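Accompanying notes for the structure given below.
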C-alpha cells in the first residue's frame, strides 16, 4: 500500500515516474540494458542526458546565457564549491541568512574567504522572517551575494528577489526548484540537490551564468570546477547516471502536468489548506511571518508538546509518514513537494482536526 510521504528529502516521487522506472528497469527502450548498466558515453545514456538538460531548460526557461550542470555532492557540497568557484581574487562574499541552511553556507565559506553577514532573519522565535532588501548591509565589493530562497528546516521562503546590478546573486533553491516559475536571468548561480523536487538523491543541479566560469580558486578540485564541468557537458567524471535518468522522468512528468504555472497553482492550494488549518486551530502553531511562509516545507508545533509522539503514532496509523520536525527545531514538519498530492494534504488536515478534537 502506498502511503502519503511528507519527508523533507529524499522525498515523495510521482507514482507515474516510479512505475515507468520499474517498467524500464531491465530493458530501457529495447536496449536490453538497465540505465544503471549503461556507459555514460554510450548513445543510449547520452540521449537520456541531453533530453534531461533540454527539458529542464524548457521548464525553467533558462536563458542561453546560463549553463546547466549536473554534479554530485548535494547542496552541502555546493556550500564549498560555490566559494571555490566564485571568490576569485576577492575575499568577501555576502550572505543573507534566513535559516539553518544559509547559516551552514555562511559557516562553510569561512574556509575559503571572509563571509560577511549582510542580514539575518533570526528572531526570538528562531528564523521566522526574510529581511527586505532595504535591511541588507552589503560589503563594498563582494564576489557574490548568497541566499537560500527556501529554508527546508525553518519553513521560510523568499519570493521577492532584488536586482543587485553587477553583483552576482547565488541562490540555494534545493527545496523549491520547479515548484513555481523563476526568472533565472536574475541569478548568477542557482543550485539544488535533487532529492526534493527534482528526483532521487545523487545528482545536484547547478545553473551558472557563463561569464562566471572563469573565477575559480586554484585549490578548486577539477571535478567541481564549473568551467571544467561545463566544457565536458557534465561528463568530466562518471555522472550519477540513474539519478539523471530519474530527474529526466520527473521533468517529463512536470511537462505533462502543464508546466510550472500549473504546478504552482497546485502548490498554492495545498499550502493554503494546511496553513489555514493551523491558523484556525487553537492547538497548532506556525511561527513564520505569513508573507514568507514556505509552500514546500510547513513546520508546526503542538500546543501540548508532550503529545508529539502520540500525534506521530496516530499519523503513521493513517499512512501519513515522515512528519517529525527537524531535530534542531523540534515539533512537526510537513513537506508538501510537487509529488505530494492534494489528497495527501487533505488527509493530513483531517487527521490534525481529529487529533485536536480528541485532545480538547
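Note that Cβ sites are derived from N, Cα and C of the backbone, with glycine treated the same way.
Swiss-Prot lists 101, 152, 195, 237, 238 as pyridoxal 5'-phosphate-binding residues, and of the candidates 61, 125, 172, 276 the one it assigns to that same site is 172. Between residue 101 (pyridoxal 5'-phosphate binding site) and residue 41 (L-glutamate binding site), the C-alpha separation comes to 35 Å.
Binding residues for pyridoxal 5'-phosphate (101, 152, 172, 195, 237, 238) extend across at most 30 Å, taking the greatest CA-CA distance. Long-range Cβ contacts of residue 238 (pyridoxal 5'-phosphate binding site) within its own chain (separation 6+, distance under 8 Å): 40.
DSSP gives residue 237 (pyridoxal 5'-phosphate binding site) a coil state; it is part of no helix or strand. Each residue contributes its Cα atom, and for residue 196 (N6-(pyridoxal phosphate)lysine) and residue 41 (L-glutamate binding site) these two points are 27 Å apart.
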